[in-house]
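K.L.:
Heads up, here are the entries from TrEMBL:
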type	residues	note
TRANSMEM	B:32-50	transmembrane segment
DOMAIN	B:67-283	domain 'ABC transmembrane type-1'
TRANSMEM	B:70-94	transmembrane segment
TRANSMEM	B:115-135	transmembrane segment
TRANSMEM	B:160-180	transmembrane segment
TRANSMEM	B:234-256	transmembrane segment
TRANSMEM	B:262-283	transmembrane segment
Amino acid sequence: MDVIWPTIPDFLVGTRNTLFYCLASFPIALVLGMFLALMDGSRIVWLHGPARIFIEVVRGTPILAQIFIIYYGLGALLGLINPSWALLINVWTAGIGTLALNYAAYEAEVYRAGFLSVEQGQAEAALSLGLSPSQNFFHIQLPQAIPLMIPPFVNDFIYLLKDSAIVSVIAGSDLTSVLNSYVRTHASNPLPFFLLAIVLYLVMSLPVSYVAKRLERRLRAAL
Amino acid sequence: MSLDLHYKQEKPPDIARKRNLWPRNRMVGANYLYYILLAAVIGAFGYYLYTYRDLSLLYLPEMIRGALVTLLVSVLSGICAIIFGLLGAFGSLARFRPLRWLTGIYVEVIRGTPLLVQLYLWYYGIRLLLSNIGFDPHDMLFNSMTVLQSNSLVPDSFNIFFYGILGLSFNYGAYLTEVFRTGILSVERGQSEAALSLGLDERQTMRYIILPQAIRSIIPPLTNNFITLIQDSAFLSVIAVIELEYITIGFALPQADSNQKMYVFVLGALLYLVMCYPLSVAARMMERRLTPDHA
């Protein structure tokens, strides 16, 4: 136990960095996911084609492979176009970018499910009452779809908290990287550090999952 | 605008067809152009693969061997995860309260911490602890295989595989606990009440009435979890299990030329895609067949 005390500040910095990765990439994932869902639901094949391909590729490859491709590969590609653009790719941007792109694909499915859950009758009634398609979308469908989509979004945020550990393989500075460095140096007695890291992760994720369950219960009661 | 599904249009009535009134999903000229462009992009990707074909000839055999290891690890982890999931589901539905409590803690802790941290824990933490006590899976298997005269079949890295598969299946067991639990609870209460009132005891009810019906709602999330398991087996590469991602990283990072580095990573991702995409297509077809039509 006394082994841990001097290392706690490092672990707290790691926790702060993990939260930073998650809070930075989740909004980007939500916005990108919305555009992706709109593209995917369109009848225009120029839109739903590339969107479908993106979603299938992102969901079919491991996030580990994606982060390596973006960190090592994209830097090289950007460097070909314009040498100063290669400086854009560092651990932070690669991590946040990979997490955002990966989760955008999953959020697109959530948006799609949310909009499909709003009854078709609502849209038909709106259009037959004379509302324009965009009025129908913004005033009828969207307000009814958003409460249905919030519990899956919160669940996805919990998954994001854990998937943020992936940046440790490209030497990011989140909680798992701190844990990794201490476990490598204290190989004879690593268990206290594991305990500390697990407690910190639970402190981050349990409140969110509690909120998610409460929201889900309220939503199910409302239905 | 509506996010409609791409369903097949029915035949329009004669009058609409004559007057060209029916909205049909016709292939417009722009659609043809898109598919031509898509074919061109795929052709360009094929040309990209061809450009670095010496790299693929060099590395592809080893990577395919790694992909087979990935599949083997995923299947073994999947089976163990189903076992853990069933134990967890029955534990969470048990009447013995400490068992429910224990299972709840298992599910919450595992679902609240990253898989990477759990793998590190299994490999760096628990393995060392157990080997201090004297539990060494490799030695145990080696000694028992010596009796069967085939101890050369046991690889030196067996410990890594053992704890890697254990870590993966323990993790996915927690998610599958929730899947099985939801599936079992989704069978209507009336079924179990009728079975019990007809004289079946609890075990018979579970085995003959509830589980066959629960399997229908269990299979879609189960297949999705299995596909994610195949991808998450890539994490085993960080604890030095020699599967596809490990081999890809091992070949790619030493490359001096960044383009070649990117190519090897793309090749690895392509192999994962080849493994996972058919499975996800099959899973979606199965899901569509299993979902009852709500009219």
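In case you wondered, yes, glycine gets a Cβ from its N, Cα and C as well.
Not measured: the values here are computed from a predicted model.
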K.L.:
Would you confirm whether the transmembrane segment (B:115-135) and the transmembrane segment (B:234-256) meet the contact rule of 3 or more C-beta pairs below 8 angstroms, pairs 6 or more apart in sequence?
P.N.:
yes
K.L.:
Should anything in the same chain at least six residues away from the transmembrane segment (B:262-283) have a Cβ under 8 Å from its Cβ atoms, list it; otherwise answer none.
P.N.:
48-49, 52, 55-56, 59-60, 63-64, 67, 70-71, 220, 223-224, 226-227, 230-231, 234, 244-245, 247-248, 251-252, 255
K.L.:
Any chance you could find the range in B:32-50, B:160-180, B:234-256 with the most Cβ pairs under 8 Å to the transmembrane segment (B:70-94)?
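P.N.:
Per the Cβ under 8 Å count, B:160-180.
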K.L.:
So what's near the transmembrane segment (B:32-50) in sequence-distant terms, Cβ-Cβ under 8 Å and 6+ beyond its ends?
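P.N.:
Distal contacts: 56, 263, 267.
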